[in-house]
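J.: Structure in structure tokens, see below.
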Amino acid sequence: MFRCWSAILILGFIFLASEGRPTKESGYGLKSYQPLTRLRHKQEKSQESSRIKEFLIHDGPFGSCENKYCGLGRHCVINRETRHAECACMDLCKQHYKPVCGSDGEFYENHCEVHRAACLKKQKITIVHNEDCFFEGDNCMAIEYSKMKSMLLDLQNQKYITQENENPNSDDISRKKPLVDQMFKYFDADSNGLVDINELTQVIKQEELNKDLSDCTLYDLLKYDDFNADKHLALEEFYRAFQVIQLSLPEDQRVSITAATVGQSAVLSCAIVGTLRPPIIWKRNNIVLNNLDLEDINDFGDDGSLYITKVTTVHMGNYTCYADGYENVRQTHIFQVNVPPVIRVYPESQAREPGVTASLRCHAEGIPDPQLGWLKNGIDITPKLSKQLTLQANGSEVHISNVRYEDTGAYTCIARNEAGVDEDISSLFVEDSARKTLANILWREEGLGIGNMFYVFYEDGIKVIQPTECEFQRHIKPSEKLLGYQDEVCPKAEEDEVQRCVWASAVNVKDKFIYVAQPTLDRILIVDVQSQKVVQAVSTDPVPVKLHYDKSHDQVWVLSWGSMEKTSPTLQVITLASGNVPHHTIHTQPVGKQFDRVDDFFIPTPTLIITHMRFGFILHKDESALHKIDLETMSYIKTINLKDSRCIPLSLAYTHLGGYYFISCKADITGATPPQLVVDSVTDSIIGFNSDVTGTPYVSPDGHYLVSVNDVKGLVRVQYITIRGEILDAFDIHTNLHISDLAFQPSFTEAHQYNIYGSSSQQTDVLFVELSSGKVKMIKSLKEPLKTEDWPWSQKNRHIQGSGLFGQYLMTPSKDSLFILDGRLNKLNCEITEVQKGNTVVWVGDA
């Protein structure tokens, strides 16, 4: 008997010695494997060892496991109380990995675990010869599954670093693909391009992965990432499992140009493709758009396209798209917004006597710049051009010298661009003075009556001046009564020896009314243009100093200081400003429940092609922020924080070409002035500094020119803004004039161009600059301006006022005079003396 068991024991040792593991190489070492086979049931080794041990170590007279066979999953134990041999469920099985499925649907690491479970559950569990249980159950949660895959990548990465001598801190995304390629090559032991369950089993055994992966195993790769459910993993499925993204972008689509017409909707489609492409991220001016909940860019679509629901000029510019996490593959969309032409002609009608000169002008704006043409009575005038009939300023002006009766007609200006066509008619009547027609009468009344006048508010009341002949049309004295009231225009103050007026700011309301602030009387006067009389006084908060007419909403905004020391500044609004109704002010909603911190406000001015402005900004004293307001509801919307840029805003300018705000910042404690900030109105985000440009910004009416004035440096910088919203450097002008104010005037020699005139706060000259060429000229000897202490209402102690879209005249005051400049000839037209402190000037008229 003993010999028999000795033989069995020796055979057991031989069997154990023969069951070893294949030699591992560095990292994953398995190069081949034996296919997984199903073995017949036999007594587990741990149970055999127990029986042998019981035989070799006799346990006394009461019980022995020598002849006790307990069956699979159980072993023999001696009951400590009865000292008899009994069968009990095995405490544990020998660690080895040979996974099988039980008939109870559970997954087991080996046969022994099946039998042990049957014993513990007291039910019959057989081995099922398929792998269905490998893919059932939900013990492997998503977070654990992700951790398992990360661990596999880390293991492979260690080998990759060792073998390839790579830097472990290099880009994870770029390194992931070779790691997964190597891992798949190792898993695919038979190199057939597919990984099956047997190969996964061998990897688990080889790497002892079953000890480290908690509730997840390699079989979960087949469970969750076998995309076509063929119970094999191909390389593409491996890429999917480990999120190896292979993206492609055709070379000819790296830059895409898209054009849309204002008012339409637009779709920008990202051409980046690839299996498992992550969500597409869109940026504008390096600001991510996807999570901003924008009103007009609010649906990115399942395909990652960018949708703009209603295109405006603010949307023009560059947009970039890329797959999330893969910013190195990006597409740039150059988005151009086309705007149909909008035309204005001047004059609408005119009468001329034979032998004089007539001029018909046409101004057109659109994107791109429109091409102009002229018809006379419906027939193209180009074939009829001569010395007597010429086109000037790139076709924007018809010039007729020595007019004849046959020149009478309807002259139609036509503007065309890619987005559309517009036209308008300017009528010319050639008649001698003896045949005065109704058209002639109407034209003369329009030209010499209430329109095309400068209104000057000065110490001795209000003067209405016709600029061509420098004639007074009306003088409203301080003692004149308001129409229908007993109040005087400027009541005599007790401390004044003579009755005089104090004015601050004034605005033109649709050429119908002029609103003008009287800061020492805490009120606004309304001047009726038709009757040239003061018709109403509107009470305001103390010391109203700044007015702005919001044409989009027919509102006049009023900034009052509260006192000369600016102790309690407030904002008020007069609604229905152009209506023939009694007017009053209403307060705006306080920002942060604080009325007394308002230092200034900014509302963009509408243009010929952009007629509606929806938002404005409030500036608080010494605060690094812009407070956005809804002009329609007069309520606060949000705050744009400028602290990170260390900018306390002083003044703003706006261009509709790309929708940029340019912000000049207050000098810091060292006296250094930070560069201008640029804010994108689409996202309300700071997109950076405007290069190294500093100073007060001004933007031309067409939005194309940004002129920045830095008095400290004596520098005027001109930048050009393209129809794609690009900001380009143009030229610099060095001057010691100390610019007080700027006025833009359309060029008389070039269509679609502007000139600027700059008045001086200290000197007697006016600066002229032709923006298209950089040509500079000085108009000299305009006498000294008001002293700054005599004009406390703003920093512009010498105002300069243009005369509208077609006007050739500008007005600027000195201390005791008015100067009218001829912008067409770039020279002084006339001086009007005995006008003291006439620094409040308004133009009324179409010209």
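Using the three backbone atoms N, Cα and C, a Cβ is placed for every residue, glycine included.
Computed from a predicted structure; not experimentally measured.
Okay, these came from Swiss-Prot:
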DISULFID  CYS87-CYS119  disulfide bond
DISULFID  CYS93-CYS112  disulfide bond
DISULFID  CYS101-CYS133  disulfide bond
DOMAIN    175-210  domain 'EF-hand 1'
BINDING   ASP188, ASP190, ASN192, GLU199  Ca(2+) 1 binding site
DOMAIN    250-338  domain 'Ig-like 1'
DISULFID  CYS270-CYS321  disulfide bond
DISULFID  CYS362-CYS413  disulfide bond
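Each of the listed features needs to be described in terms of its position in the shown structure.
T.: Classification of CYS87 (disulfide bond) by DSSP places it within a strand. Here the Cβ of CYS87 (disulfide bond) has 15 other Cβ atoms within 10 Å, regardless of which shown protein chain they belong to.
All protein chains included, CYS93 (disulfide bond) registers 21 other Cβ atoms within 10 Å of its own Cβ.
Every protein chain considered, the tally of other Cβ atoms within 10 Å of the Cβ of CYS101 (disulfide bond) stands at 20. In the three-state DSSP reading, CYS101 (disulfide bond) counts as strand.
DSSP places the residues of the domain 'EF-hand 1' (175-210) in helix, strand and coil in these numbers: 26 helix, 1 strand, 9 coil.
Long-range C-beta contacts of ASN192 (Ca(2+) 1 binding site), restricted to its own chain and to partners at least six residues apart, with a cutoff below 8 Å, are absent.
CYS321 (disulfide bond) is surrounded by 25 other CB atoms, counting those within 10 A of its CB over all protein chains shown. In the three-state DSSP classification, CYS321 (disulfide bond) falls within a strand.
The secondary structure of CYS413 (disulfide bond), as reduced to three states from DSSP, is extended strand. Around CYS413 (disulfide bond), the C-beta neighbours below 8 angstroms that are at least 6 residues distant in the chain are ILE343, VAL345, LEU360, CYS362, ALA364, LEU372, GLY373, TRP374, GLU423, ASP424, ILE425, SER426.
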J.: Between GLU199 (Ca(2+) 1 binding site) and CYS101 (disulfide bond), how many Å separate their Cα atoms?
T.: 17
J.: Out of CYS93, CYS119, ASP188, ASP190, which of these recorded positions is nearest CYS321 (disulfide bond) by C-alpha distance?
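T.: That would be ASP188, nearest by Cα distance.
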J.: Compared by Cα position, which of the disulfide-bonded residues CYS112, CYS119, CYS270 is the closest one to ASP190 (Ca(2+) 1 binding site)?
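T.: That would be CYS112, nearest by Cα distance.
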J.: Near the Cβ of ASP188 (Ca(2+) 1 binding site), how many other Cβ atoms are there if near means within 10 Å?
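T.: Around ASP188 (Ca(2+) 1 binding site), other Cβ atoms within 10 Å: 19.
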J.: Averaging the per-residue pLDDT over the domain 'EF-hand 1' (175-210), what integer do you get?
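T.: Taking every residue in the domain 'EF-hand 1' (175-210) and averaging pLDDT yields 87.
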J.: C-alpha of CYS119 (disulfide bond) to C-alpha of CYS270 (disulfide bond): distance in Å?
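T.: It is 61 Å, counting Cα to Cα.
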J.: With Cβ-Cβ distance below 8 Å and at least 6 positions apart along the chain, what are the contacts of CYS270 (disulfide bond)? List them in sequence order.
T.: ILE280, TRP282, ASP303, GLY304, SER305, LEU306, CYS321, TYR322, GLN331
J.: Among CYS93, CYS112, ASP188, these being the recorded positions, pick the one whose CA is nearest to that of CYS101 (disulfide bond).
T.: CYS112
J.: Taking the center of the Cβ atoms of ASP188, ASP190, ASN192, GLU199 at the recorded Ca(2+) 1 site, which other residues in this chain have a Cβ no more than 8 Å from that point?
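T.: Output for this site, in sequence order: PHE187, ALA189, SER191, GLY193, LEU194, VAL195, ASP196.
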J.: Work out the three-state DSSP category of CYS362 (disulfide bond).
T.: strand
